[in-house]
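Q: I am attaching a structure below and will ask some questions about it afterwards.
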């Protein structure tokens, strides 16, 4: 069945050779720093910082992982992050997909108005304080909703999804459906959604990763530490190492505190990187299979 | 297109109606319902109030333990009959949260431990004038006997915390520790290197200093058999600058005061001499070529590899990675003299950190709040909040001295354990910083005290007192300072590394002048004069 | 707009027919309005209501007086920004870094996606995809630390390699000439794999029958990429380019700040770090808002222009 194989010409073989060389080159370039991080996570920080450790682990120690595993705050943050990611992404999809679909319809009166209304917000931004006041007046402060609703939908993603619908959903599908007497709602749920696996996967990934990496809303809207997501917990530990233990108006107590935080950060910095990103990296290969669903659209077109 | 514009303007009109509802800055503070005012506050002893009151308190959190679980605060609540809702955003982003609280008027009753980095003198003046922060003068007189006694004893305190309108809006951390005089972490020599080279006496002049660095470079002081030594290193000169500039008769990399006269040091001839000297060190590889490009991690790694002879840090073992007991062998840098500065001088810390305790206008119980914090300024109270109650970090011996207890299982150090007991860890608390009487002191503690008393205290001068600027002054200063700091920071690095030859000095000075430095100096002169009159 | 005037008798008819048709469209598609309703509400509540905050760019914002009560100062904050000694440096560096980033960072994910798309469903493909995607998750702090470590003239691996080839080590971090390159290429390293995702999903929209037909006609792989795959992703490319250009003044400050030092600052001093520095001195809300508005105006001009061009030259545009 693979036509590619049958008709492979010499030019194609040379070309595929080039593809593999280029991809391998990209792979190696990206791989080196990743291996570095993994090695660094189980090496003595002194060896890492002096440049002695440059590929394989040196003076192996699992101290960093031991500290991470023992830290309750990190694990509680982990649970909260998973919750925000799953719940938040679900809300995002509910907002984004129908909106993008409506905007993709040529016969949707007002699409230009709505698009402009959304795009305008890219440029006119009221700023942090008024937004905070809105969230506060809605009573969302210190609730999980503050982590979800202020980011319920992103313009960028609406636009990308709209472009996907415009370029992949065959025109005339709507008309055919309306002639059959199907409502827009039915059409969307029964036909459009099943056809859109690739963009749903991409959106889930984009939004999911956004939630996974975000700390700023938590910082602004949450006071209860038990609601903190992982990134905010990590930020507390890692950002301080950038503070100099030697600035003006420092007191002895502060200097010692920052020094101990720096030592802690040096030990766990790389390990925490791995522990906190592994789940979201592992998700990706599972989503990749949805990127090859082109076949279905082709068959429906007939 | 026209229709589109029309519909847009319709929407905007609609929104402006909504805006009217959105823009409310009313009081949303949670504690405002009951207990309006009159709760009897005892002027002495505990409890402070008979009827329990609850306040909200915002402070930087270090992320080790929730404040509500800390034993010192729990006990103190029982003693005082005052309970708190603690809001403790991470110290790394405390500034963001505090600014947001002010801007949205979503303020707690008490702001504690912010320090001047977060609650700047400009904010104190500004929010004080607006009435957002309460004036504390009368409260101190009436309800803070301990603090009042400290202020009577040392008039510097009142002078440093009184804003131009005569009010005090924030209480300081008052530091009486042996290291209180340090303007920043000192420079340390690697003792082992001095021993290997047979150096008996530390350099006391710029020339002797230069000679020692040359020996560090050439004579293999770390016995590695390799040419791997770096005589002097720093991260962007940030910590060593103050000590080296002092050798050329300057106390601060900016505004400083000499005999009542305010000047801007980076445009003086003394500064040019400092740059020339540093440029020589850089050229001859006596100053680390990576000084301006490395991060703190790289500097520390070099220290741990025993490759640096002189370096800045709070304590030398932070950089060398050696145990504390070994650090007594690394002597502190001895202040230098030069033809520019015949008298030894060292910049000194005013011994206070401002902005550590403020009350907001939403506070219904300012009297009780003041009494609550006053205890922290007493000897008994400070010891309690510093080391916790007996049985955790220490136990009392029969003669009244203290016996330190080991940290329980699961804690890396006694300090980490202390952080779970008391909030005075990792922040600048509003209290009296001092040694606990009767607590044993290590050899290292004694070494630090002796070095400080020998090399810093006798020569120390405050570069510029803790002053306040008025609103208008502050605004002008902010505008000028941003460009100015950025410029001198870049030019210092360029002059030292030789990217910019020192023959361009005159251009440099005239650029500084074009940035309105005169006005900048005048404002500080006026502020200084106000301070001196007080 | 300028149409030939139709015969008079029809002039009144046509709008009526149009209105009717429009009304029918609205009624027929009433469910689509329900689809979009939550998002419209979201934008009104979280974006439009807070817009009153924009006025502080022209005021001297005093928290206790609130937004409405603060005093108007006109363009004072803008003038202060324009008069800054570093104003032109800031503009030059911000635009320089953004354009450089776009020039290098925009095509690379497209190329990588096209190449990956040629490899059909093998473990190798999945490996390359996942590995190139991973760096997106490394935090700025760690990235900056690694950049400084790798590029150190004495101990860094890259300079060791350069010396191995017989060249002098390059002071990447202290020579301002290198700053933009270091910043842009470390960004490319981090985000190229991530950027391919969107194109890979767009490529899934290619109709396999088109390829089959082309193969039978004897088209080579390269030809099929050029004439089938690339045209399929052009709408996505266009939209992303428009959006990127409309964001050209927006730049995160954290990574730049972590890589900045006094020697490279002449190249790394950008608007974002300038605002951050101003905020360190005191919370200067109005000043920051004015600079934000200035950025937004430039972004908006760019976006509208590019969108206009795109509309004229292709089928795709933002609105």
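Placement of Cβ uses the backbone N, Cα and C atoms for every residue, glycine included.
Heads up, here are the entries from TrEMBL:
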type: DOMAIN; residues: A:78-285; note: domain 'ABC transmembrane type-1'
type: TRANSMEM; residues: A:14-38; note: transmembrane segment
type: TRANSMEM; residues: A:82-101; note: transmembrane segment
type: TRANSMEM; residues: A:113-133; note: transmembrane segment
type: TRANSMEM; residues: A:145-165; note: transmembrane segment
type: TRANSMEM; residues: A:187-209; note: transmembrane segment
type: TRANSMEM; residues: A:267-287; note: transmembrane segment
Q: Top stretch among A:14-38, A:82-101, A:145-165, A:187-209, A:267-287 for CB pairs under 8 A with the transmembrane segment (A:113-133)?
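A: Checked against A:14-38, A:82-101, A:145-165, A:187-209, A:267-287; highest Cβ contact count belongs to A:145-165.
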Q: When you scan the chain for residues with a C-beta under 8 Å from the transmembrane segment (A:145-165), skipping those not six or more beyond its ends, what do you find?
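A: Contacts with the transmembrane segment (A:145-165): 84, 87-88, 91-92, 95-97, 99-101, 103-104, 118-119, 121-122, 131, 135, 138, 192, 196, 198-199, 202-203, 206-207, 210-211, 214, 217-218, 221-222, 227, 229.
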Q: Using a cut-off of under 8 Å between C-beta atoms, tell me which stretch among A:14-38, A:187-209, A:267-287 contacts the transmembrane segment (A:82-101) the most.
A: A:187-209
Q: For the transmembrane segment (A:187-209), what are the same-chain contacts with Cβ under 8 Å, counting residues 6+ beyond its ends?
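A: Sequence-distant neighbours of the transmembrane segment (A:187-209): 85, 88-89, 92-93, 96-98, 101, 154, 157, 160-161, 164-165, 168-169, 173-174, 177-178, 280, 283-284, 287, 290-291, 293, 296-297, 300.
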